[in-house]
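**Q** Input: one structure, supplied below.
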Amino acid sequence: MKQQYSKQENSKDFEEFHHIEELKELFLLNSINDGSSFQKVVKLGGDQGLAKQLKSHLLKGIDSEAQVQENREKFGNNDPIEKEPAQLYELILECFGDTMLQILLVAALVSTVIGIINEGVKTGWTEGATIFLAVFLIVSITAGNNYLKERQFQQLRRKLDDGMIQVVRGGIVEISIKEIVVGDILQFGIGDIFPVDGLMIQGSQIKVDESPMTGESDEIKKLPFNEMTQQQLNNKDHHHYSPFLISGTRCLDGNGYMLVLQVGQNTIQGQLKLLLNQDNPPTPLQQKLEGVAENIGKLGTLVAILTFIALMGHLLYDVFVDHKHELFTLLSLQLIIEAFMIGVTIIVVAVPEGLPLAVTIALAYSVGKMKDEQNLVKNLASCEIMGGANNICSDKTGTLTQNIMQVTALWIDNHNYLNQEINITSKISKQSIEVMSESICYNSIANPTKDRNTNRWTQIGNKTECALIELADNFGFKYSNYRQNDRILRQIPFSSKRKKMVTAILNPKNQSIRIFSKGASEIILQQCFRYVSNNGAELPLDKTKKDDILHNVIENFASHSLRTIAIAYKDLEPQTHVHQINEDEIDKDLTLIAIAGIRDPIRPDVAESIKQCTRSGVTVRMVTGDNIITAQSIALECGILEKNRAQQEFEVIEGKRFRDLVGGLVNAKNEEGNEIKVVKNMQIFQKISKEMKVMARASPEDKYLLVTGLIQEGNVVAVTGDGTNDAPALKKADVGFAMGITGSDVAKDAADIILIDDNFSSIITAMKWGRNIYDCIRKFIQFQLTVNLVALFMSFTGAVILKQSPLNAIEMLWVNLIMDTFASLALATEPPSIKVLDRQPYRRTDQIVSPTMYRTIVGASLYQILVLTFILFLLPKFIDCSIPEELIEQKYPKNVVQMSIFFQAFVLMQVFNSISCRQLDYHTRNPFANFCNNPLFWVVQTITVIVQVLLIQYGGKYVKVSHLTLFQHLLCVGFGIGGIVFSILFKFIPEQLCQKIHLFREEEIKTEKMDDTLTSKLRRKSTMRLHTSQRSKHDIGSLKKMSSDKL
């Protein structure tokens, strides 16, 4: 790049800034537009003056670690901006926002007062105090659960802010984005999102998308500071240009260097992030489960009302028919309060407000595990959506291949050299080596490093360029000698549209201008009319010779899975104004120097992963920019195409032909009247999509077109991408995967999941966890619906027949804790089995509660209802249920032992039923399959059993139970084991008989209506929605003020 730095006279005085706040004002949009920011920089000494004040240098950057640390302490660090997470006490207070728990606490207080009046202070307080304690335990455990979940998501957000960037510190070094300091010289290129605010000091063809900050979609051209200075001196209009680069904006074209002036929360993006709400929106599964919870809640509320009416009916019968007591007495008030508490507690148990939150627990657990398996999740919904993915459109480079490039074939001097022959320089003319190596060194922006001790390379930047730079280094040409050189006049970076890169330099030998070009071999070949032959002689390149090179070099290399890159040049007259030449004209009439064949080995586990996808019902399609022969060869090697089989018409297709056949995209309106893009010729598209496995020479527009059509067909599509222009396809896909190593910032920003290792096998991991999340939620639903149905039925039956609910308020609160918090921890954190990949993916229209699940729910409910009905009405006829002598004088009801056995059997049956609910598979009849794969499940169940036994044996007057004998305990355990046996027998009932069972409708509740559901009104809002409702108004107001003041 020609030296673009402004020259400030050392003797010239300039202003000094005294506080970092002065630099903040440079990035106000109004100040940039009216030129006052530019004038401020001029007063501060221009780019060199600013660099000097920041103890930096425009060429060397900050060249000592001590200075880096000093700048960090003085101007701040670049740590990611995040809101303080909610504290535990805040989450506890939030849980007390539950409407039903508030009512229950008030009722418990009234009950305590009445108890003290009737029984005295010594014993009258016990029941109310126990309810208070039970509520506090529920709230504390729920809040603790949410606290851990919030911490997991906070760690995820921190990981998302990790990334690497290249800066100049004596030389080019790669550092973490968090380590950037004010004064650094930062290198940027196409696809980068600026992580800091800065001043552009060097660059070419820079276009920036500032829409994330300004809302304007126009491309903004940027000029280095010194070019802006020259334009002002020449009285040229500079209104539409500026050297200021704002954090959060995207580099759409070009590459260059910037002087960092603001980091961390001082940047424009940092100040906005401080105001933004970081809570996660509800996922599609959560919205669907909200509909299920709504229906269950309505049933529970109805049963609660009927139970209260039944208990009131008995009270009125006792008062007006049997004349047992008067209506207006403390006893009547106590009975009314108890009946009311029973009704409220039924609602607490029945309304499954924890159902949608179980998804969050499953997601929180899964995203942590997925991060360990090289999947960094940005969008939580993408985890569950991957469970239904049936199409994967994959990149080749770095995903299917290792992205470790090496030149293994070279056509130069009109001769092919393979493998080790390339390094024998005596066979190649010096002139050809020199012009090829100079072209590689000048016409590239990658910065690989070489270990002096081992001579091993670390490839940093574009891997294709790294391979070529290593080749030049083998010939004795070090690329660092050619960078930041004042001979470079102009540079047009590589883009997926142009498929080539061009650099113009001043040739020192004859002062002419030399144009170097490299890129896709077929494209460069068509622009060449001469080639370098033996001994460096240039010969005409006619059509016959072009065809010979095309077939015997390019296609020959491609058939061996090599990517081919052509290198060419031409010379222009010294007086040529190279900046005024149109970029489409600058590299025509070229001389072909060489064609490099670059090998990128297939990842060793890719072939098996693609076989696994096929077994899982997922179609893998390779979409690549390589030519059709290379693409076909690699697809055969990794198993996307079958060997020894005739190809179908559209199985391998080029992007242009595909685009021409389907007619591109046209505008249409969806059901809601919004305008969308659809495939023009859907009939042809459907025919192509059935066969297509490989798309070669594909542009980003072709990939977007393919994804749009597949989604239009009803498929669930996952897409991988690494380039800036892949962003539209990544956004359009149901799940977008960006490459963590090679991916541009724009691609990562558009993606839902980042593949930390760029490995295709990691997509299989995401698919496995996606299916597992769905399974975990289904296991939880199986368990919760069973508990709900049994508890509701028995509460109503007992109230009608026995004049009391078999489970009192305290017992039902304990059941609620087991059913919501404990069960979600135990069942929503099940690790995935490899077997989840041996079945077809879930469809968009599939019901959450499947016929197999209904069979399990109905079977377990029938068994438990039969057992509990037997205990409630017939047990005393078979075993002794008389009250222990020590409890006779303590005002316990006569049937306390029978009710205690009922309570113990009910809870233990839920424990054993949770074991049965771990199995969703119709064919797996063994409930103990995968017995030890989830230790947390057994920890939760062990704690449940221990606490239950302690409640029975020592709860006494607090829980209104009697201690049981060993025989009675074993009887309850036997009832629990019987549930497992019965569930195994029930699995022999054909699934077809359950096809028509639909107990609950599964309507997806829209986000804006989630707070209007019965579940939200009767119980507390979820943490996610509560935070959103509390902050949204404040955030919107703050953002509007920020937009007007800062931008």
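Each position is counted from 1, following the chain as shown.
Positions of Cβ are set from backbone N, Cα and C atoms, glycine also.
In case it's useful when we look at the structure, here is the feature table from TrEMBL:
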COMPBIAS  1032-1047  compositional bias 'Basic and acidic residues'
DOMAIN    43-116  domain 'Cation-transporting P-type ATPase N-terminal'
REGION    1023-1047  region 'Disordered'
TRANSMEM  99-117  transmembrane segment
TRANSMEM  129-148  transmembrane segment
TRANSMEM  296-317  transmembrane segment
TRANSMEM  337-365  transmembrane segment
TRANSMEM  780-801  transmembrane segment
TRANSMEM  813-831  transmembrane segment
TRANSMEM  852-875  transmembrane segment
TRANSMEM  895-915  transmembrane segment
TRANSMEM  936-954  transmembrane segment
TRANSMEM  966-986  transmembrane segment
**Q** Short question: which residues 6 or more past the ends of the transmembrane segment (966-986) have a Cβ under 8 Å from it?
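**A** Tertiary neighbours of the transmembrane segment (966-986) are 855-856, 859-860, 863-864, 867, 879, 897, 901, 904-905, 908-909, 911-913, 915-916, 925-927, 949, 952.
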**Q** Average pLDDT across the domain 'Cation-transporting P-type ATPase N-terminal' (43-116)?
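**A** 82, rounded to a whole number.
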**Q** In the domain 'Cation-transporting P-type ATPase N-terminal' (43-116), how many residues does DSSP put in helix, strand and coil?
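**A** Secondary-structure composition of the domain 'Cation-transporting P-type ATPase N-terminal' (43-116): 46 helix, 1 strand, 27 coil.
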**Q** Give the nonlocal contacts of the transmembrane segment (813-831) in its own chain as ranges (CB under 8 Å, at least six residues past its ends).
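**A** That would be 131, 134-135, 137-138, 141-142, 145, 345, 348-349, 352-354, 357-359, 361-362, 365, 369, 772, 775-777, 779-780, 783-784, 787-788, 791, 807, 906-907, 910, 914, 917-918, 933-934, 936-937, 940-941, 943-944, 947-948, 951.
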**Q** Grab the same-chain neighbours of the transmembrane segment (936-954) for me: Cβ-Cβ under 8 Å, and only residues 6 or more beyond its ends, written as numbers and ranges.
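**A** Cβ under 8 Å, 6 or more out: 814, 818, 822, 825-827, 829-830, 900, 903-904, 907-908, 911, 914-915, 918, 961, 963-964, 969.
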**Q** Under 8 Å between C-beta atoms and at least six residues away from its ends: which parts of the chain pack against the transmembrane segment (852-875)?
**A** 778, 781-782, 785-786, 789-790, 793-794, 797-798, 801-802, 806, 881, 898, 901-902, 905-906, 909, 913, 916-917, 920, 922, 975, 978-979, 982-983, 986-987, 989, 991, 993-994, 997-999
